[in-house]
Amino acid sequence: MDVTRLLLATLVGFLCFFTVHSHLALEETLGDDRSLRSNSSMNSLDFSSVSIVALNKKSKKISRKEAEKRKRSSKKKASMKKVARPPPPSPCVATRDSCKPPAPACCDPCASCQCRFFGSACTCRVLNPNC
């Protein structure tokens, strides 16, 4: 009995070890590390020098203003992209009102007549608010 428990404990330990080991990132070998260092030093010589320029207060204010203008224009474009909905039919049922089958269609084009309790209680509901 103790031998089987010992074997099961060993098996569980190995399974845990292999599970953790399989999820760890693979480490680079020394040979790969040397080749990476030599490649990175050669590649760094290929790039041109970069100069860092400090911004003054006026340029910061201008960039903020430009960013605000861009944000406003993008909001306006997003609001303009909405497609105009067709006008509702003249005899129509408002949202959340009763719309039993002989009743006319729902006023909201995104709403549909949804019936519950075996068709005894029907109401106009908007199923997709992003319609």
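Numbers here mean position along the shown chain, with the first residue as 1.
Glycine residues also receive a Cβ, built from the backbone N, Cα and C atoms like all the rest.
Record source Swiss-Prot places CYS131 in a disulfide bond whose other cysteine, from CYS110, CYS113, CYS115, is CYS110. Swiss-Prot names the disulfide partner of CYS92 among CYS99, CYS107 as CYS107.
Per Swiss-Prot, the cysteine from CYS106, CYS122 that shares a disulfide bond with CYS115 is CYS122. Annotation for the disulfide-bonded residues CYS99, CYS107, CYS110: lowest Cβ count within 10 Å of the residue's own Cβ, CYS110.
Over the domain 'Agouti' (92-131), the average per-residue pLDDT in this prediction is 81. According to DSSP, CYS110 (disulfide bond) is assigned to coil rather than to any helix or strand. Around CYS122 (disulfide bond), taking its Cβ as the centre, 18 other Cβ atoms fall within 10 Å, counting all chains.
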